[in-house]
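A.B. asks: Sending over a structure as structure tokens; questions will come in a sec.
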Amino acid sequence: MKTSQRNPAFVGDDGNSTTSTLAMSSLPAETPTEAEQEADKSTGGREGERDTWGKGVEFLMSCIAMSVGLGNVWRFPFTALDNGGGAFLIPYLIVLFLIGKPIYYLEMVIGQFSSRGSVKVFDLCPAMKGVGIGQVISISMVTTYYVGIMGITLYYFYDSFRNPLPWSECRAEWGAVCVASSQGNISPGVSSSFSASYNSSLNAIGPQQQQQRVASAELYFLKEVLREKEQIVDGIGLPNWELVIGLFVSWMCVFLIIRRGVKSSGKASYFLALFPYVIMGVLLVRAVTLPGSLDGIYYFIKPNWGKILDPKVWYAAVTQCFYSLSVCFGNIIMYSSFNKFGHNVHRDATIVTALDTATSLLAGFTIFGILGHLAHEIGTEDIGKVVKGGAGLAFISYPDAIAKFKQLPQIFSVLFFLMLFVLGIGSNIAMTSCTVTAIRDRFPNFKQWQCSLLIAVVSFGIGLIYITPGGQYMLTLVDFFGASMIALVLGIAELYTIGWIYGTDRLCKDIEFMLGRKVGLYWRLCWGVFTPLIMTIILIYFYATYEPLIYNNQPFPTWAYGVGWTITAFGVMQLPLWMLVAIIREPGNTLGEKIRGAFRPKKNWGPSDPLLREQYNKQIEHELMPKRGQGFWASIKQNIFG
């Protein structure tokens with residue numbers, strides 16, 4: 001008797017075969033031996049068989065935990081405020097519609113269709129394999145400093161249990177310049193040191209500035225936590241041992257969650273995705289009940305229509321959307337590669353992109369409600385005075401506001417920093433898993449826990465750089481040259497590779513084969529025209545407006561720029577390097593044959609199941625046949641409109 005064989009990776013979330021899955025009835029069912037069953041338990045699956053999420057909802061929760069992170073809490077509110085307030089939402093939503101959502105769906109589709117990680121997925125165009133490798137390099141660098149921030153968060157979380165809060169009062173060594181954050185109104189004639197810039201210099205206080213008063217929360221962050229140096233010409237110093245403990249605990253949490261791959265991280269995703277919303281809800285309720293909170297919220301959403309045509313505002317909208325959703329870093333491709341073949345990624349992409357925006361607004365209301373109260377307490381109507389961007393919003397402005405709470409400030413401080421830690425861990429799990437998956441796709445005999453442990457140990461060692469007195473200088477340097485520079489260039493290369501070398505039309509046929517649904521004109525126009533074009537314009541604007549990097553109002557030393565540009569070159573040069581390797585390795589009698597072959601999908605490209613891949617190859621060959629031999633404009637029309 002013949003039984004139907006179905007690989008669980010090609011079964012829909014409802015337990016039924018997808019519309020495109022073949023009935024595999026030609027082979028007898030195999031009963032695994034006891035030894036194989038034991039191996040399954042220890043490795044998370046049969047050898048050579050890719051793990052899949054336990055449930056489809058685990059993929060959705062993991063994507064939410066990845067995309068909803070620190071950028072929503074401290075980057076979006078300040079970016080919106082600095083770029084027109086409520087008016088910023090218009091360019092942001094347009095950018096989300098034309099860039100964020102299309103790329104998110106594209107990466108989900110291509111990862112799930114091929115069951116390949118962010119490097120191996122470029123089997124669709126071997127010459128562009130360097131895009132995936134460069135993205136892994138970039139995300140690995142981001143991971144090292146991201147967990148450094150988690151270490152600082154744990155430091156504040158631990159201190160939040162103290163009574164009084166350690167940043168609420170001045171210390172003798174800070175001198176007369178300090179004013180306790182626990183105090184209310186600052187006496188008339190004494191100016192607050194609060195400014196909109198995180199990079200304000202506190203150590204270089206000259207005689208002419210002696211009347212400037214600095215909040216104890218700010219001095220605590222810079223002098224006690226970071227122990228920041230005025231400059232790094234003479235080196236970055238040694239790590240703060242208390243932050244080393246926080247860094248170690250953070251990496252231990254990441255390792256324990258990813259040690260069994262999606263089998264373990266999928267289970268943790270429920271908590272990592274949902275718990276921050278519980279805390280955010282509690283903090284929002286508390287925020288709106290504080291005096292002055294509504295003024296802060298109104299200040300946040302008040303539109304400045306004069307800025308809506310400023311190109312800087314649109315650039316800010318693109319970068320906020322790009323980094324908030326974590327597109328073009330390889331994370332989304334990696335997560336979706338563990339999906340079952342017929343999983344509804346269209347639905348998930350819509351949910352995650354919408355929820356990411358809603359979370360940013362929710363965080364903005366919460367943060368600015370509390371900052372509105374802070375402005376009320378210090379007696380100023382200009383809420384912009386108490387707002388700091390970036391990490392300063394989380395580690396200076398918010399703690400300063402919490403210190404002024406009359407009742408149980410410790411509770412709200414604990415909740416806030418616990419929320420930050422959970423958000424950060426959720427994002428970092430995705431980034432670290434991306435690197436692990438890329439390595440294990442290349443070296444499948446390398447066990448999951450071994451690879452995870454190796455990356456955790458190496459990244460912990462590198463992360464010590466960011467918790468030194470000069471650590472914030474290095475973080476700024478690596479973030480700019482290692483994340484922004486590399487991600488933009490390789491992200492654009494990814495879009496043109498999939499949209500025009502592999503082809504938008506073929507991508508749409510892949511989606512129809514996988515999900516059994518036609519692809520609308522909106523997706524075709526975005527993938528083929530709008531998204532790559534807008535990203536190219538952004539890259540040109542990025543380089544046209546480039547200014548030397550500064551921190552603490554000081555330029556970086558020459559050696560630091562050398563390090564920065566070396567990092568950028570190392571990431572971007574993966575593209576031509578692996579293109580050359582692919583051309584050399586490609587069989588062919590002439591250089592032209594080798595080049596053409598290197599830009600065509602590998603023979604094993606397609607669904608990982610052999611029978612499905614055979615069906616796909618026959619179908620795609622038949623459907624692409626009319627495209628061959630067409631003229632230039634006809635080919636373009638075919639690629640975009642089908």
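Each residue's number is its place along the chain shown, starting with 1.
Here the Cβ of each residue, glycine as well, is placed from N, Cα and C on the backbone.
Found this in TrEMBL, in case it helps:
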BINDING   Val68, Asn72, Ser324, Leu423, Ser427  Na(+) binding site
COMPBIAS  15-24  compositional bias 'Polar residues'
COMPBIAS  38-51  compositional bias 'Basic and acidic residues'
DISULFID  Cys170-Cys178  disulfide bond
REGION    1-51  region 'Disordered'
TRANSMEM  56-74  transmembrane segment
TRANSMEM  86-106  transmembrane segment
TRANSMEM  136-158  transmembrane segment
TRANSMEM  241-258  transmembrane segment
TRANSMEM  270-294  transmembrane segment
TRANSMEM  314-338  transmembrane segment
TRANSMEM  350-371  transmembrane segment
TRANSMEM  414-439  transmembrane segment
TRANSMEM  451-468  transmembrane segment
TRANSMEM  480-502  transmembrane segment
TRANSMEM  522-543  transmembrane segment
TRANSMEM  563-584  transmembrane segment
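Distances, neighbours, how buried they are, the whole picture for these features please.
C.D. replies: Applying an 8 A CB threshold to same-chain residues 6+ apart, the list for Leu423 (Na(+) binding site) reads Val68, Gly69, Leu70, Asn72, Val73, Pro276.
The Cβ of Cys170 (disulfide bond) lies under 8 Å from the Cβ of Cys178, Val179, Ala180, Ser216, Leu219, each of which sits 6+ residues away along the same chain.
If you look at the transmembrane segment (86-106), the same-chain residues 6 or more away from its ends with a CB under 8 A from one of its CBs are 79-80, 300-305, 307-308, 313-314, 316-318, 320-322, 324-325, 327-328, 332, 345-346, 349-350, 352-353, 356-357, 491, 495, 498, 507, 523, 526-527, 530-531, 534-535.
Taking Cβ pairs closer than 8 Å, the transmembrane segment (270-294) reaches residues 58, 61-62, 64-65, 68, 359, 362-363, 365-366, 369-370, 372-377, 412, 415-416, 418-419, 422-423, 425-426, 429 in its own chain, all 6 or more past its ends.
Beyond the ends of the transmembrane segment (350-371), by six or more residues, the same chain brings 60, 63-64, 67-68, 72-74, 76-77, 80-81, 92-93, 96, 100-101, 104, 277, 280, 283-284, 287-288, 290, 293-294, 296-297, 299-301, 324-325, 383, 386-387, 393, 397-398, 401-402 to within a C-beta distance below 8 angstroms of the stretch.
For the transmembrane segment (480-502), the list of distant contacts is 103, 106, 110, 122, 124-125, 128, 131, 134-135, 137-138, 141-142, 319, 322-323, 327-329, 527-528, 531-532, 535-536, 538-539, 542, 549, 563-565, 567-568, 571-572, 575, 599, 601, 639: same-chain residues at least six beyond its ends, Cβ to Cβ under 8 Å.
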A.B. asks: Between 56-74, 136-158, 314-338, 414-439, 563-584, who has the most Cβ pairs under 8 Å to the transmembrane segment (522-543)?
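C.D. replies: Counting Cβ pairs under 8 Å, the winner is 314-338.
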A.B. asks: So for Ser324 (Na(+) binding site), how many other CB atoms are inside 10 Å of its CB?
C.D. replies: 25
A.B. asks: Mind pulling out the one from 56-74, 241-258, 414-439, 563-584 with the most Cβ pairs under 8 angstroms to the transmembrane segment (451-468)?
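C.D. replies: Between the stretches 56-74, 241-258, 414-439, 563-584, 241-258 has the largest tally.
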A.B. asks: What stretch in 56-74, 241-258, 314-338, 414-439, 563-584 has the biggest tally of Cβ pairs under 8 Å against the transmembrane segment (136-158)?
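C.D. replies: The listed stretch sharing the most Cβ pairs with the transmembrane segment (136-158) is 414-439.
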A.B. asks: Quick one: do the transmembrane segment (241-258) and the transmembrane segment (414-439) reach 3+ CB pairs under 8 Å, ignoring pairs fewer than 6 apart in sequence?
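C.D. replies: In contact, yes.
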A.B. asks: For the transmembrane segment (56-74), could you work out the same-chain residues 6 or more beyond its ends whose Cβ comes under 8 Å from its Cβ atoms?
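C.D. replies: For the transmembrane segment (56-74), the far contacts come to 13, 146, 149, 262, 265-267, 269-270, 272-274, 276, 320, 323-326, 331-332, 335-336, 338-340, 343-344, 348, 351-352, 355-356, 359-360, 363, 367, 389-391, 393-394, 419-420, 423-424, 426-427, 429-430.
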